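Asks: Dumping the structure here so I can ask a few things about it.
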Amino acid sequence: MSYFEHIPAIRYEGPQSDNPLAYHHYDPDKRVLGKTLAEHLRIAVCYWHTFVWPGHDIFGQAAFRRPWQQPGDALERARMKADAAFEFFTKLGTPFYTFHDTDVAPEGDSLREYAANFARMVDYLGERQQASGVRLLWGTANLFSHPRFAAGAATNPNPDVFAWAATQVCHALDATHRLGGENYVLWGGREGYETLLNTDLKRERDQFARFLSMVVEHKHRIGFKGALLIEPKPQEPTKHQYDYDVATVHGFLVQYGLQNEIRVNIEANHATLAGHSFHHEIANAFALGVFGSVDANRGDPQNGWDTDQFPNSVEELTLAFYEILRHGGFTTGGMNFDAKVRRQSIDPEDLFYGHVGAIDVLALALERAAVLVENDRLDALRRQRYAQWDDAFGRKILAGGYTLESLAADALARGVDPQHASGAQERLENIVNQAIYGLR
């Protein structure tokens with residue numbers, strides 16, 4: 001059975017085409033900085049927003065009528081969903097996908113039933129991967145939707161909930177390994193608090209760290225070579241989450257000795273919810289040595305929640321890609337579309353329109369970022385700004401050649417009189433705009 005029979009395979013037709021079901025800027029075979037666009041972008045489609053979400057919101061019921069979401073045998077519907085998903089991936093021409101365990105398999109009425117259902121669907125996903133050539137970018141476990149996780153998973157006051165969550169992660173990590181996944185993501189949607197009045201912060205942080213340590217141990221025990229990634233988010237659904245932003249996650253990892261084992265998966269909309277730019281979070285992840293992968297989406301600046309819209313800003317993404325390219329690009333990570341069509345977008349074509357447009361935006365942004373990397377104008381000005389630290393005096397300070405007292409004595413003896421230099425922000429912004437809009 002075909003679920004998108006009337007929709008052709010999406011091909012590159014160039015910027016002059018007016019076909020809404022074609023790529024206008026994404027030519028997967030085009031080479032930029034020595035790699036193809038497909039190799040740079042490593043695009044993934046997410047299971048949950050694309051095939052699981054029924055179009056409900058907090059004010060209204062499900063608006064979609066997907067064939068695989070209709071009542072019936074749960075495992076049969078899961079197989080239908082997988083068939084639809086892989087037909088979609090294949091027609092879109094995207095190389096990767098991502099999932100939560102309960103996206104792909106019915107949870108059932110017990111932990112044993114969950115494990116059995118998931119095992120059957122992992123077998124089926126393996127068959128679909130082999131037939132299509134589509135690969136798994138990352139897997140994860142849903143530890144936030146069921147009411148048992150209302151007070152958290154790893155941070156729950158009930159150790160039985162901790163054990164249930166550990167079971168899900170054990171199975172999800174095993175499945176990710178078996179399916180050739182390149183990363184495993186841990187998102188602590190309920191790992192936080194609603195009120196401090198009933199919360200023991202130290203205990204919950206210790207529990208969370210113990211849980212992560214167990215995941216790390218299991219990764220090495222089964223021989224999984226992919227990266228473990230935490231996805232930062234400041235709040236929603238909880239009032240405050242312990243993985244607030246990149247810097248918070250890094251500090252947590254260092255505190256518990258996990259900084260060499262876990263990196264971050266950065267979502268654009270989560271960055272803005274934390275009061276940061278997407279550019280900031282990516283740059284900070286590289287500065288702290290924890291960059292892993294990206295969830296590509298956007299929020300609505302007039303809304304204070306996670307709207308998970310498709311990315312449409314070449315300007316925003318150019319700066320994100322600039323950081324990624326200047327640091328060597330993705331290794332195990334990629335660009336996962338953690339994005340969903342709007343509730344009123346009920347037609348099957350809308351799923352394609354959202355992804356096609358966003359993929360074109362990624363391609364445009366990456367090519368503009370490549371211009372910034374190739375012309376080296378931003379980096380040259382940055383190097384010039386810090387050049388004095390590369391002189392003998394600056395190197396001596398950083399190498400521990402002075403104490404605080406001896407440095408003060410030296411400064412007094414030399415009568416240092418620092419002169420302020422321009423930060424040249426306006427010039428730098430002009431350089432970025434020239435690259436984005438093809439002015440130079």
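Don't overthink the numbers, they just go from 1 along the chain as shown.
Placed from the backbone N, Cα and C atoms, the Cβ positions cover glycine too.
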Asks: Of ASP200, ASP338, ASP347, ASP350, which one shares the Mg(2+) 1 site with GLU231, GLU267, ASP295 in Swiss-Prot?
Replies: ASP338
Asks: Within 8 Å of the centroid of the Cβ atoms of GLU231, GLU267, ASP295, ASP338, which other residues of that chain place their own Cβ, given that this set defines the recorded Mg(2+) 1 site?
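Replies: Residues close to the Mg(2+) 1 site, other than GLU231, GLU267, ASP295, ASP338: TRP187, ASN265, ILE266, ALA268, ASN269, HIS270, VAL294, ASN297, ASN336.
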Asks: Helix, strand or coil: which one is ASP306 (Mg(2+) 2 binding site) in, per DSSP?
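Replies: In the DSSP reduction, ASP306 (Mg(2+) 2 binding site) maps to coil.
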Asks: Counting only residues 6+ away in sequence within the same chain, which have a CB under 8 Å from the CB of ASP308 (Mg(2+) 2 binding site)?
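Replies: Set apart from ASP308 (Mg(2+) 2 binding site) by at least 6 residues yet with Cβ under 8 Å, we have HIS49, ASN269, ASN297, GLY299, ASP338, ALA339, LYS340.
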Asks: Helix, strand or coil by DSSP: which one applies to ASP103 (active site)?
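Replies: Note: ASP103 (active site) is helical by DSSP.
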Asks: Can you list, in sequence order, the residues of the same chain other than GLU267, HIS270, ASP306, ASP308 whose CB lies within 8 Å of the CB centroid of the Mg(2+) 2 site?
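Replies: Neighbours within 8 Å of the Cβ centroid, excluding GLU267, HIS270, ASP306, ASP308: LYS233, ALA268, ASN269, LEU273, ASP295, ASN297, GLY299, THR307, ASP338.
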